[in-house]
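Peer 1: Straight from TrEMBL, here's the annotation block:
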SIGNAL    1-27  signal peptide
DOMAIN    23-124  domain 'Phytocyanin'
TRANSMEM  102-120  transmembrane segment
TRANSMEM  141-164  transmembrane segment
Amino acid sequence: MMGRTSLAAAALLVLAACAALPARTAANKISINWKPNTNYTDWVKQHSPFYKDDWLVFYYTAGQADVVLVDETGYNKCDASNAIYNYSKGRNFAFQLNETKTYYFICSYGYCFGGMRLAIKTEKLPPPSAPPSASHKSAAVAAAFARSHAAVIYAAVAVLAALLRMA
């Protein structure tokens, strides 16, 4: 009997440790397959929202594309002559969105007019949601915990079940 009590206590300890894990990290890595004939307006809609401190990682074919950070005018005209930053080495480029603003990226190899341009509007990470009312607090906390830590909870329950079978 003591063994089962210890196992239950260990399971509760694992669940408590999981509760301390953040539901979302401050920075996300967002991969972009940077290539011609891609509708990046649709891509932005599918991958939004973008937050301050997220990272964009552009993957492209060396010698066939570049990543140019421009202002809004450069973006609208596909003009890299007043580039803020231009990266054309290697096959990938990582860029941190370190301000809350709109970033404009184009390819200066002639593909911009075909849609190879990207406008990313960043925003501040939203504050944590308000605490639920007292009557729904425990159910809401349990549901939020389960959503954000489902894989860990599943693993903990599987380990606990295996340990109980051995006892």
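Numbers here mean position along the shown chain, with the first residue as 1.
Every residue, even glycine, has its Cβ placed from backbone N, Cα and C.
It should be emphasised that the depicted structure is a prediction, and the values quoted were computed from it without experimental measurement.
If you look at the structure here, what lies around each of the features I listed?
Peer 2: Mean pLDDT of the predicted structure over the domain 'Phytocyanin' (23-124): 92.
Sequence-remote contacts of a segment are chain residues at least 6 beyond its ends whose Cβ falls under 8 Å from one of its Cβ atoms, and for the transmembrane segment (102-120) they are 32, 34-41, 43-44, 50, 56, 58, 64-72, 74-75, 78, 80, 83, 86, 95.
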